[in-house]
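Annotation comment: TrEMBL describes 1-95 as region 'Disordered'. Annotation source TrEMBL lists Zn(2+) 2 binding site at Cys186, His335, His339, His345, Met353. Feature annotation from TrEMBL assigns domain 'Peptidase metallopeptidase' to 221-380. Residues annotated as Ca(2+) 2 binding site in TrEMBL: Asp275. The Zn(2+) 1 binding site annotation in TrEMBL covers His285, Asp287, His302, His312. Feature annotation from TrEMBL assigns Ca(2+) 3 binding site to Asp294, Gly295, Asp314, Glu317. Residues annotated as Ca(2+) 1 binding site in TrEMBL: Glu317. Under the heading active site, TrEMBL lists Glu336. Among the features that TrEMBL reports, repeat 'Hemopexin' is placed at 420-464, 465-504, 510-558. TrEMBL lists Asp424 with the feature Ca(2+) 4 binding site. Look at TrEMBL and you will find Ile426, Ala471, Ala516, Val564 tagged as Ca(2+) 5 binding site.
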Amino acid sequence: MTNGRGAKPPQPAENKVRSPRIRGQALQGWKTSKPARDEAPRRNLPALGPRTQASPCDLPLGAGPAQRWSVRGGPGAADRRPAAPRRVPGAPRRGGGYMAGRVGLLLRVLPLLLWGGLDAQRVGRELRREAEAFLEKYGYLSDQGPSSPSSTRFSNAIREFQWVSQLPVSGVLDPATLRQMMQPRCGVADTDSQMPWTERVSDLFAGRRAKMRRKKRFARQGNKWYKRHLAYRLVNWPQHLPEPAVRGAVRAAFQLWSNVSALEFWEAPATGPADIRLAFFQGDHNDGLSNAFDGPGGALAHAFLPRRGEAHFDRDERWSLSRRRGRNLFVVLAHEIGHTLGLTHSAAPRALMAPYYKRLGRDALLSWDDVLAVQSLYGKPQGGSVATQLPGKLFTDFEAWDPLRLQGRRPETRGPKYCHSSFDAITVDGQQRLYVFQGNQFWEVTADGNVSEPRPLRERWAGLPPHIEAAAVSLEDGDFYFFKGSRCWRFQGPKPVWGSPQLCREGGLPRHPDAAFFFPPLHRLVLFKGTRYYVLARGGLQVEPYYPRGLQDWGGVPEEVSGVLPRSDGSIIFFRDDRYWRLDQAKLQTITSGRWATELPWMGCWHANSGGALF
């Protein structure tokens, strides 16, 4: 099998059993495997104990649907926080964190299987289903729908995965292959990463034809930046890491690529556009269910090729700026930035763009393959010198790099959590008191910018779920309205109005709204979703006739805002990530924009005594 990519990997012998697969990052629904019609000789596996029946990695496929198990643990579990695997509401897929725990347990019960303590055929079918999902998610198998792929296609997919992962190529789902599928990795698919080794070596030493092949390989998807100066923005960062050190890691990650190419990077100013945006999210973050994050382990991050220019990181990971503990953020940043520049995954053994997480060491971080890839798109750096890593402690341990300490300054007191990342929703009442929502907590901010301690949602609004998507307060009766998914809540004080929650779609409201607010000139609630907005009937949750309408009615307001606030001066503030836009209510036209944490003191993010900004 060449797949049009070059030399053939070694083919399995005809008399070998094709074993089951596992499912990885995005489980797509449980499939029913077809019964095997022919028996084959049993493969020899490493002895795990006296064998009384076949290993699950050695069985022909059995018949019948597999029973779902709810399990945790397995190899690598100690390297992850003890958080339960999460399933995105309504999603038919599960994440790699789930797979790691599930498959890890199945591997741990192998000795019991060999002693005859469990149903080996059932476990074998489970492993195969897990493998199929993993291989589909990462581009080794096309989605089969309700049917299971043939044994030949499955074996070929396993062989390609083993080759990319530097494993012995057998086409058999052995324990080493299972464990590799469980390792933390990038969430981008491995499509176009399986170029045969002979072609890769010829790219280094051959002539014009090889150069043409190399250019085709790295620009296969036709996406690159057609300029040499790129601006980036760090939208938010992990709460437990200091902002200056994270920004230093981001600068160093971009510098790693500018060292070996003709590209130059700079951090976008507060009021300017950015080509590349870096942000941290949890779970489903509107990138599609296959890109939903899965908690600790599994997919660490994913990115998009030019010219979308976004890289997203799982906020639930144990991010660190140290070489010795946690997931090193600098390494993952550098890898995902490579994707935003147009690079796909690499099969070179030590490449930064290899799909699996690479620990930060003292060797060169970029391999020859990484350098060839970026130079094929953007050329060599001016002067011709190439540096594949950064010098000193800035490269090896970012926790030792503290610009405030080096300048002899005391760090500012940290403000509320939402000031250093983002919020789920925000609203304001008639006394100009803000309510900022994040996760299962909320903050109250007085009109002069004093912030309360975070309080649990259930303390004020019993039954309200975490991670609400939009909130608004009626400035006529003071009722609170909350929106999440397809449900709506209305509270009069701490008590829900009769019938809450109710299905929003019954009134024509959109699912998963971006933001909501009370618009004083109309005395109505207004909801925003994508490029449209909805005006609700007075005192209810019904959409008015002739709505929704296009967002162009609100001149200059961006799509996918995260919050909207009416102000006492007659302006309206729109929020998205770390930015805000001020709209003239009379003209319905934006007049200013900037960074809300540093430029809006009433948001509660300024130092109470010095008046200095936290950012």
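Glycine is no exception: its Cβ is also placed from the backbone N, Cα and C atoms.
Here the features listed in TrEMBL are placed on the structure.
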residue: Cys186; record: Zn(2+) 2 binding site; Cβ contacts under 8 Å, 6 or more apart: Ala299, Leu300, Ala301, His302, Ala303, Val332, His335, Glu336, His339, His345, Pro355, Tyr356, Tyr357
residue: His285; record: Zn(2+) 1 binding site; Cβ contacts under 8 Å, 6 or more apart: Asn291, Ala292, Phe293, His312
residue: Asp287; record: Zn(2+) 1 binding site; Cβ contacts under 8 Å, 6 or more apart: His302, His312
residue: Asp314; record: Ca(2+) 3 binding site; Cβ contacts under 8 Å, 6 or more apart: Phe280, Phe281, Gln282, Phe293, Asp294, Gly295, Pro296, Ala299, Leu300, Ala301
residue: Glu317; record: Ca(2+) 3 binding site; Cβ contacts under 8 Å, 6 or more apart: Pro296, Leu300, Gly326, Arg327
residue: Met353; record: Zn(2+) 2 binding site; Cβ contacts under 8 Å, 6 or more apart: His335, Gly338, Leu343, Thr344, His345, Ser346, Asp369, Asp370, Ala373
residue: Val564; record: Ca(2+) 5 binding site; Cβ contacts under 8 Å, 6 or more apart: Ala515, Ala516, Phe517, Val526, Phe528, Ile572, Ile573, Phe574, Phe575
Residues within 8 Å of the Ile426, Ala471, Ala516, Val564 Cβ centre (excluding the Ca(2+) 5 site residues themselves): Ala425, Thr427, Ala470, Ala472, Ala515, Phe517, Gly563, Leu565
Where Asp287 (Zn(2+) 1 binding site) falls in three-state DSSP terms: coil
Shell list (Zn(2+) 2; ref centroid = CB of Cys186, His335, His339, His345, Met353; cutoff 8 A): Val188, Ala303, Glu336, Gly338, Leu343, Thr344, Ser346, Leu352, Ala354, Pro355
For Asp424 (Ca(2+) 4 binding site): intrachain residues, at least 6 apart, with Cβ closer than 8 Å: Phe437, Gln438, Gly439, His467, Ile468, Glu469, Ser562
Conformational class of His345 (Zn(2+) 2 binding site) under the three-state DSSP mapping: coil
Cα separation, Asp275 (Ca(2+) 2 binding site) to Ile426 (Ca(2+) 5 binding site) (Å, whole number): 27
Residue pair Asp275 (Ca(2+) 2 binding site), Ala471 (Ca(2+) 5 binding site) - Cα distance, angstrom, rounded: 30
For the repeat 'Hemopexin' (420-464), distant same-chain residues with Cβ under 8 A (at least six beyond the ends): 235-237, 239, 243, 279-280, 414, 470-473, 475, 478, 480, 482, 489, 491, 494, 496, 501, 515-517, 562-563, 565-568, 575, 577-578, 597, 601-604, 606, 608, 614
Around the Cβ of Ala516 (Ca(2+) 5 binding site), the count of other Cβ atoms that are within 10 Å: 27
